Amino acid sequence: MSRVSQARSLGKYFLLVDNMLVVLGFFVVFPLISIRFVDQMGWAALMVGIALGLRQLVQQGLGIFGGAIADRFGAKPMIVTGMLMRAGGFAAMAVAHEPWVLWLSCILSGLGGTLFDPPRAALVVKLVRPHQRGRFFSLLMMQDSAGAVIGALLGSWLLQYDFRLVCSAGAALFIACAAFNAWYLPAWKLSTVKTPVREGLGRVLRDKRFVTYVLTLTGYYMLAVQVMLMLPIMVNDIAGSPAAVKWMYAIEATISLTLLYPIARWSEKRYRLEHRLMAGLLVMTLAMLPIGMTSSLQQLFTLICLFYIGSIIAEPARETLGASLADARARGSYMGFSRLGLAFGGALGYAGGGWLFDAGKAVGQPELPWLMLGAIGFITFLALWWQFSPKRSASGMLEPRT
């Protein structure tokens, strides 16, 4: 085995260990924020939605800058610093008794993610060959699902005693992850050339095909982020206990671990990436529409199953398509900008979803936020259909980079 092949192989194992630590640290805390502050402390869902939206907007909206800086200085210092900042955000969240404290803790957590997320994504593109990326992204998603369940179980158990224990566990995991990266991550450069920050930013912004694709995904993310806000609230409302939320993540893990990789392998040989993305989005949209009209936990979990199936169809295709459109001369910048759709969609999905949830309850129409999300899903589907139409593809606008 050549040194390059050996480095790629070891690098992939490193990425899997690193990803598991990050997922565990995240899911110990974030799925329980809405339970803690809406159900236990009686805050309006809008207040918590703003906090979650701020984290999403800061982390993903500023990701292009984090990626551009990583292109210039390398991945390691950005990743280690960002993970320590995320740990600090969790520590601040532990003492949040006013909305503004929660907002500040989420902003700090988001700033940490701004630093570590784009270079981590760029390392995947650097270390995994193009023909292997779809399968590797599927493995990461399976790991995400398993980590989400383990993290949510640990967080739910700790929440019985004290929310400060939940935040302490999340902070400890991110400190451990920072130490792991500081000790084992080589001083790899992300791009094929040492790109100045301004040049990397400009290269992305001039790439119309990539910008169009990223911004179109805003609507997709508005649906996807509800697994952190409205779906846990719905499960808690119908079940009458926050402990039921862990079963939502258990469903996700079961579906991902049993179906994600086989579906990805089967579909990558038969369908284009954009068609898989659109099919998954359509399934997610159809699952969202009737959620507000459900009255039993069995009905809700059935729709959540359908939503997760749509997600495992769409996510590997979305990640692979975004990576294939990136320019190797500015990988960090491209991966940072690719998070902008998540920034806008997350902020709108959290804050708008929280506001619609409160409004629907106030006027006696709990189905209102879900119908609106369904409409957004259909609009996004049509936008992707237009963007990837044969005529536009033939023009070369959306042909993947080699």
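Heads up, residue numbers simply count up from 1 along the chain you see.
Note that Cβ sites are derived from N, Cα and C of the backbone, with glycine treated the same way.
Lifted from Swiss-Prot, the feature list:
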type	residues	note
TRANSMEM	13-33	transmembrane segment
TRANSMEM	34-54	transmembrane segment
TRANSMEM	99-116	transmembrane segment
TRANSMEM	139-159	transmembrane segment
TRANSMEM	165-185	transmembrane segment
TRANSMEM	214-234	transmembrane segment
TRANSMEM	243-263	transmembrane segment
TRANSMEM	277-297	transmembrane segment
TRANSMEM	300-320	transmembrane segment
TRANSMEM	340-360	transmembrane segment
TRANSMEM	368-388	transmembrane segment
Among 139-159, 300-320, 368-388, stretch most in contact with the transmembrane segment (243-263) (C-beta, under 8 angstroms): 139-159
Distant-in-sequence neighbours of the transmembrane segment (139-159), which means Cβ under 8 A and at least six residues beyond its ends: 15-16, 19-20, 23-29, 31-32, 35-36, 124, 165-166, 169-170, 242-243, 245-246, 249-250, 252-253, 255-257, 260-261, 312, 315-316
Selection from 34-54, 165-185, 340-360, the stretch that has most Cβ pairs under 8 A to the transmembrane segment (214-234): 340-360
Stretch-level contact, the transmembrane segment (13-33) and the transmembrane segment (277-297), CB cutoff 8 A, at least 3 pairs: no
Touch test for the transmembrane segment (340-360) and the transmembrane segment (165-185), at least 3 Cβ pairs under 8 Å: no
For the transmembrane segment (277-297), sequence-distant contacts whose Cβ falls under 8 Å of one of its Cβ atoms, 6 or more beyond its ends: 220, 223-224, 226, 231, 234-235, 238-239, 244, 271, 303-304, 306-307, 309-315, 317-318, 321, 360, 365-371, 373-374, 377-378, 380-381, 384-385, 388
